[in-house]
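Chemist: From Swiss-Prot, for reference:
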| type | residues | note |
| --- | --- | --- |
| ACT_SITE | Asp336 | active site, nucleophile |
| ACT_SITE | Glu371 | active site, proton donor |
| COMPBIAS | 458-467 | compositional bias 'Basic and acidic residues' |
| REGION | 458-479 | region 'Disordered' |
| SITE | Asp443 | site 'Transition state stabilizer' |
Amino acid sequence: MTRLAIGKPAPLGAHYDGQGVNFTLFSAHAERVELCVFDANGQEHRYDLPGHSGDIWHGYLPDARPGLRYGYRVHGPWQPAEGHRFNPAKLLIDPCARQIDGEFKDNPLLHAGHNEPDYRDNAAIAPKCVVVVDHYDWEDDAPPRTPWGSTIIYEAHVKGLTYLHPEIPVEIRGTYKALGHPVMINYLKQLGITALELLPVAQFASEPRLQRMGLSNYWGYNPVAMFALHPAYACSPETALDEFRDAIKALHKAGIEVILDIVLNHSAELDLDGPLFSLRGIDNRSYYWIREDGDYHNWTGCGNTLNLSHPAVVDYASACLRYWVETCHVDGFRFDLAAVMGRTPEFRQDAPLFTAIQNCPVLSQVKLIAEPWDIAPGGYQVGNFPPLFAEWNDHFRDAARRFWLHYDLPLGAFAGRFAASSDVFKRNGRLPSAAINLVTAHDGFTLRDCVCFNHKHNEANGEENRDGTNNNYSNNHGKEGLGGSLDLVERRRDSIHALLTTLLLSQGTPMLLAGDEHGHSQHGNNNAYCQDNQLTWLDWSQASSGLTAFTAALIHLRKRIPALVENRWWEEGDGNVRWLNRYAQPLSTDEWQNGPKQLQILLSDRFLIAINATLEVTEIVLPAGEWHAIPPFAGEDNPVITAVWQGPAHGLCVFQR
């Protein structure tokens with residue numbers, strides 16, 4: 001058998017140098033590592049990796065070329081109680097592979113065994129890694145670097161956003177190419193979006209349970225190869241990387257940033273009954289948080305938790321993030337269940353991965369957004385992330401819904417959330433933009449469903465409606481489901497307008513869920529993670545042009561208000577904000593806590609948001625000055641109105657003087 005040259009211990013992964021390929025793999029507890037390469041006929045050829053530098057195994061294969069398919073067999077102890085689950089009968093994915101050939105199907109051969117090892121060889125059906133070469137012309141691409149204070153985030157799914165768009169060519173709908181199509185870019189520009197936040201695009205697998213039910217993982221929060229693009233979103237798997245970069249380059253030319261939702265908290269190997277794809281067989285003890293009995297700490301709800309305090313795993317995660325920035329020019333990340341990033345195992349702001357990101361000249365310069373919780377004790381960490389991070393602000397989400405849909409939130413609590421939740425985020429030198437304000441997200445009801453359903457309707461997910469949260473703070477306005485009388489439709493529309501206005505004219509960084517701006521419904525499903533169908537795909541033919549125009553007008557209005565774009569905390573007397581009652585007087589302490597839900601918010605001394613969240617039409621006395629309603633609450637040409645606004649029940653209006 002041909003022997004490999006020793007090669008180099010860095011960088012991790014498979015790298016072509018023009019003459020051959022250098023292979024490197026981390027494993028602190030392996031006793032032997034075999035590189036397995038497959039020829040055009042599928043014949044397997046095995047080579048021991050001869051180099052062993054610290055915990056890095058490496059070797060160099062002369063004359064190997066891009067397109068070569070490979071995997072690893074890793075030898076070591078099978079000692080489940082100690083956290084070791086080596087099984088050389090199983091072909092393993094390189095954690096740093098840039099492309100994968102094959103599908104991650106539910107098959108007993110892709111399991112290592114629970115208590116006893118399964119020594120049946122699986123190379124015939126296991127997915128293979130592919131060696132790639134990177135040559136791409138970025139031309140004059142430059143990151144937009146939109147200031148945080150001017151950032152408007154649009155959360156979208158690659159397929160769901162584009163698959164049904166009638167003006168995008170059929171052959172590219174649902175793909176990376178569609179994201180860069182002029183029709184999509186023009187839509188985002190007209191809406192006023194500055195950052196497109198994509199649900200996971202790194203390669204993921206559908207859980208075996210879903211496959212057995214005929215479903216699939218649609219959202220993508222089940223990663224299997226963090227350096228590889230999910231091939232189902234590409235017109236051709238071989239060109240996925242260039243298709244993705246073409247889209248990013250086109251978006252950048254339009255001034256739109258691209259933020260990736262990335263999953264560093266767990267892997268698709270799930271619990272001990274889950275499949276064996278990669279990390280579990282390479283070095284289970286190092287990659288995962290292991291309990292004393294050898295099982296996993298399940299702090300993610302997905303069966304396992306990556307140990308992001310282990311030095312090698314920190315290096316792996318950091319290299320992954322740098323890859324997406326340096327190779328694909330992404331502008332930032334949203335981190336799923338990001339409290340795991342700070343676990344040591346207790347949560348710490350100076351956890352190793354946070355420190356590595358802070359000290360990295362590449363990663364410290366991009367937008368970083370945390371979903372600031374996990375499901376373990378002490379996992380709720382909203383407001384506690386390091387200064388470089390912004391965070392999803394669930395306080396804002398719940399407050400906005402309670403104020404407009406449940407009518408049970410005092411004015412003081414509403415104002416606190418409107419002012420970027422300063423009680424939560426104004427610390428450690430952080431700015432208002434650290435609060436990522438949202439009313440909806442991929443996880444939960446859509447905006448339309450918030451006003452049409454009191455209860456979740458997740459039966460299609462196959463769990464007898466047990467999955468998904470029951471704490472929705474929604475209001476169906478008297479009838480469960482879509483449709484209804486003209487009066488019902490109008491009341492729901494008014495609530496949608498109120499929630500959108502609160503989101504887009506409050507301090508902090510707004511995030512809009514794709515489809516909310518044109519009335520997309522998931523028919524009451526608030527956990528549509530496994531619905532790759534018309535329930536989740538945006539139906540552009542049914543889009544409400546009126547609601548889209550309303551949303552766009554709000555976004556463009558936001559950009560005109562200095563108090564919202566200057567990204568500095570509001571202080572009493574600084575001219576940024578004044579809080580007034582229905583008589584244009586400062587609110588008393590009692591009004592803040594117990595007063596009627598009527599409020600006037602004067603921003604930058606020129607823009608006035610008048611709110612009447614009561615059940616009755618109410619006269620609102622505006623502050624001194626000549627006020628006129630402005631779009632989207634009135635047409636462009638409006639006469640100066642009187643000093644009093646007749647506020648409709650559960651209504652609001654924006655004025656300018």
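Just so it is clear, glycine is given a Cβ too, placed from its N, Cα and C backbone atoms.
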Chemist: Fewest other CB within 10 angstroms, which one of the recorded positions Asp336, Asp443?
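Modeler: Each of the recorded positions Asp336, Asp443 was scored by Cβ atoms within 10 Å; lowest is Asp443.
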Chemist: Can you tell me how far the Cα of the residue listed as 'active site, proton donor' sits from the Cα of Asp443 (site 'Transition state stabilizer'), in Å?
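Modeler: Cα-Cα distance, the residue listed as 'active site, proton donor' to Asp443 (site 'Transition state stabilizer'): 12 Å.
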Chemist: Measuring Cα to Cα, how far is Asp336 (active site, nucleophile) from Asp443 (site 'Transition state stabilizer') in Å?
Modeler: 11
